[in-house]
Structures are given as structure tokens and as C-alpha cells.
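Peer 1: So TrEMBL lists these for the protein:
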DOMAIN    1-356  domain 'Aminoacyl-transfer RNA synthetases class-II family profile'
BINDING   GLU83, GLY84, THR85, ARG113, GLN127, GLU131, ARG259, TYR263, TYR264  L-histidine binding site
Amino acid sequence: MNKEIKSIRGMHDYFPKDLKIWNHIETILKEVLTSYCYLEIRLPLLEKTEIFKRAIGHVTDVVEKEMYSFNDRKGNSLTLRPEGTVGCVRAIIQNHSLHKKNNRFWYLGPMFRYERPQKGRYRQFHQLGAEVFGLDREDIDLEMILLTNRLWKRMGIDSYLTLEINSIGSKTDRFQYKKKLVLFLEKYQNLLDQDCKRRLYTNPLRILDTKNIEIQKILEKAPLLTEYINLSSHNHFKNLCSMISSYGIQYKHNKKLVRGLDYYNNTVFEWKSNKIGSKDAICAGGRYDSLIEEMGGPKTPAIGFAIGIERLVLLIQSLKIFSENIQDIDIYIIFIGEHNKCHALNLSEEIRNLHPRLKIFINFFDQNLKKKIKNAINSSARIAILIGDNEIEKECFLVKDLKKEKEFYLSKTQLIVQVKDFF
Ligand code: ATP
Ligand code: MG
């Protein structure tokens, strides 16, 4: 029996039609990041498994059950990156890039997590990540919020996203708080679901993040992390909140907001939308002031965020604010007879020399003239150019204005110069 060849579950193909919106988003992302002087960095998809285990945390969901890890031919354990920060920090330390004057970076690419695929959650998904090294004051936290807010404005989706922020303090604060939280939750142990029971002694903070409404009710009476936060973290957060307000950005202080990866401290934030179902976080970020040192680098504060591109695409599609009618073809060239193919090629090359942005399509298919003209009309092209023996003899081309449904002859020189007037 012939087995159908299929892609891996949760990993998708993206065709040109899908990629129009992707390219639109990527253009805005790059423009805005550049306007804040972030520099692009490209990193490997594979890293040693060990660095993710150490940095993300052995008892996090990502490391416990979501990583794609395997041994290479020499028996070294490698992992397809589940996120970008760890690889970025590894690269910055390895390439001694921390002393640079500008330590603002961004990257865009696929991440891999073995999760249950559903709307907004895939096994291969794409993140735009941004990281800033060497700044510990709240100014840079603010600038990141301003940057992401500007992204949503440029995309026309700012009124559909809300900002939630919190401070998770220092490791010591969380250690003290965890003890209190566990003591509290132990009283309700038999009411917890499987996931929360498992997390109770491994990663109790993540229970705060539960989607289970019954457990959310229990948590209403739970001790609050905010009350365990040291003075300096508290002030950092207070200043940040008042600066965000002074820029007119609305936010919600979500006292239960935590992050799924262990390396965060102080500021954490998420931009959420209620338009994309329960997978509502489009962008998530926070500070990770001790990660660089823990990974063997010099003591350096840092902050970053990551945007889930698929979720951004879902949001923009659900709002129907993106028009997919982008021209694929501007000029459609039809030659009649194999021996005229070279004239079509020469003409297209000459037009491109003068007008490099025009999209010129030569129909190389083995089709009759009627079919070729029909295809030209059905394409997005503004004009079609016909090249047959007649035209070559008269030293001019038949130009069909497909919008005004008119046609006329132009010499090659006239055509090359005047063609721009159509666009
Ligand atoms: P979630 O709570 O939704 O699982 P997370 O805390 O695991 O998110 P991060 O590791 O902070 O997510 O990743 C940042 C962003 O990347 C998320 O806000 C989301 O937009 C996107 N993202 C994360 N996991 C996936 C996935 N499996 N598929 C699609 N997008 C994802
Ligand atoms: Mg997750």
C-alpha cells in the first residue's frame, strides 16, 4: 500500500499566499526594531541540550516534556531550540560581544516544542526575539514596552491587545514565597488537577498560571508574590509602572503573572488578545539579570521579549485588516513561437535594468495564444506585452493595457522608457 507522505504533526508548510501577511508583518517588525537601533543576529537551530537544561530550568514544562532532543553520531545530546534567548546569550558570551556599545539584538526564526498542537500552538512555530544586554535600570524595560506598543500601532492592532505586567522579584524572594505557596496549596491538595499536583513540589509558581477555573478560585486566597519582593525590585517596578502610565499606555498589574522559564527576575510582561482563543499571549518578555553569569559570562543584566508570529498572523487575519491583493505580477510578457523567446527575455532584462522594482513574468508555458492571453487577463498584471513575428518585423511591441482594456504599439525604446507611467 502506498503511504501518503505527510509533514510532521504540528509543523506546517507556508505557501506564497500565506506568506503575504507574514512578509507584511516582518517588514513592520524590522522597520520598528531598526528605528530603536536593534541589530539582527542569526543563530543555529541546534544547541547542546545541556545549555537549555541549565538555563531554562530542569523542572520547567519546556525541559521536562517539550524539547526535541536527540544524540548525534558521536553520542552528544543536541536539542532543536525551543526558544531563542539561551542561544543568543551563548553566542554573545562566546563571541565576546558584551563590551560593544550597542547591545540591542533581534532574531527571527523557527522554534520547536513538543506540545499538543491546536489553534495558536504548534510544534514548529516562529518567534521574533529581542534581547538587550548590560542595562539594569527601568528605562530599557520602558523602551521595550514602547517599542512593542509601536509595533501594534503600526500593524493597526493596538486596540486589540492589552499589556499585563508584574514583578517576580529575585531568586531569593521567590524561594521564600514558594515555601509559603506550597504550604497554602498543600491544604487543597486533593482539589488540584494532575498538572498542578505534579508542579506542587517541582515548579509551584507555574500553578499561578493555571487555566483551570476551579484552581483559579482556590488561588484567589493564596499568598501573593508581590508581598515577598525586596525593596529594590519593588522600586524598579513602581518606577516602571509610573513611566508606562506617563506615556499613556494602559496596563494591568497581573499579580499572578509568572513565566514558564526559570531564568526571569523582576519585570515580566505579556501582551494578550482575547481574539485568538485561549492561546492568548502574543508577546512575552522579562528581565533575566543573572542568566549571563550563570552561563559563564561576566555579570550582566539583561531583558528580552519574544513575539509568536503565528499568533500575530491569527489575530490580524481574524480582524480582516490586511488586504491580500498585492500585485504578484506587473508586466506579463507573451511570445508567439519558440524563435521569439529570446526577444521576450531580452526585453524583460532591459526593463529590469531600468526599473528594478517592476515584477515581470514571461509565460514560458507550452500554451496557445488564446490561453496565454486569458492567463494574462486573470493575473494581477497591469499590462501584457505580445511579441510575435509581426511585431519583430515592425520593430515594435503590442502593449495591452489590461485595466483600461486598450491596446497600442510601442517601439522598444518607447516601451522601456514609458513603461513606468503605468505604475
Ligand atoms: P504559552 O503560555 O502560550 O504556552 P509560553 O509561556 O510557553 O506561552 P514563551 O516561551 O514566553 O511562551 O514564548 C513567547 C511567545 O511565543 C508566546 O507568547 C507565544 O506567542 C509564542 N509561543 C510559545 N509557544 C508556542 C507554540 N507552541 N506555538 C505557537 N506559538 C508559541
Ligand atoms: Mg508554553
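Note: Cβ is positioned from N, Cα and C throughout, glycine not excepted.
What you are looking at is a predicted structure, and each value in this text was computed from that prediction instead of being measured.
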Peer 1: Could you list the residues of the same chain, at least six apart in sequence, whose Cβ is under 8 A from the Cβ of THR85 (L-histidine binding site)?
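Peer 2: Correct list: ALA55, GLY129, GLU131, LEU261, TYR263, TYR288, LEU291, GLY304, ALA306.
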Peer 1: So which binding-site residues out of THR85, GLN127, TYR264 are up against ligand 1, CB under 6 A?
Peer 2: GLN127
Peer 1: Would you identify the secondary structure of GLN127 (L-histidine binding site) according to DSSP, in three states?
Peer 2: strand
Peer 1: Which of the listed binding-site residues (GLU83, TYR264) has the least company, meaning the fewest other Cβ atoms within 10 Å of its Cβ?
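Peer 2: Among the binding-site residues GLU83, TYR264, the lowest count of other Cβ atoms within 10 Å belongs to GLU83.
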Peer 1: Could you measure the widest C-alpha to C-alpha distance across GLU83, GLY84, THR85, ARG113, GLN127, GLU131, ARG259, TYR263, TYR264, the residues recorded as binding L-histidine, and give it to a whole number of angstrom?
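Peer 2: Looking at GLU83, GLY84, THR85, ARG113, GLN127, GLU131, ARG259, TYR263, TYR264 as a set, their Cα atoms extend up to 21 Å apart.
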Peer 1: Which whole-number mean pLDDT does the model give the domain 'Aminoacyl-transfer RNA synthetases class-II family profile' (1-356)?
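Peer 2: Within the domain 'Aminoacyl-transfer RNA synthetases class-II family profile' (1-356), the model's average pLDDT equals 93.
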Peer 1: Using all protein chains in view, find how many other C-beta atoms are within 10 Å of the C-beta of GLN127 (L-histidine binding site).
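Peer 2: Summing over all protein chains shown, GLN127 (L-histidine binding site) has 23 other Cβ atoms within 10 Å.
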Peer 1: Would you mind listing, in sequence order, the residues at least six apart from ARG259 (L-histidine binding site) in the same chain with a Cβ closer than 8 Å to its Cβ?
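Peer 2: Those within reach of ARG259 (L-histidine binding site), by Cβ under 8 Å and sequence separation of 6 or more, are ILE168, VAL268, ALA284, GLY286.
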Peer 1: What does DSSP assign GLU83 (L-histidine binding site), in three states?
Peer 2: coil
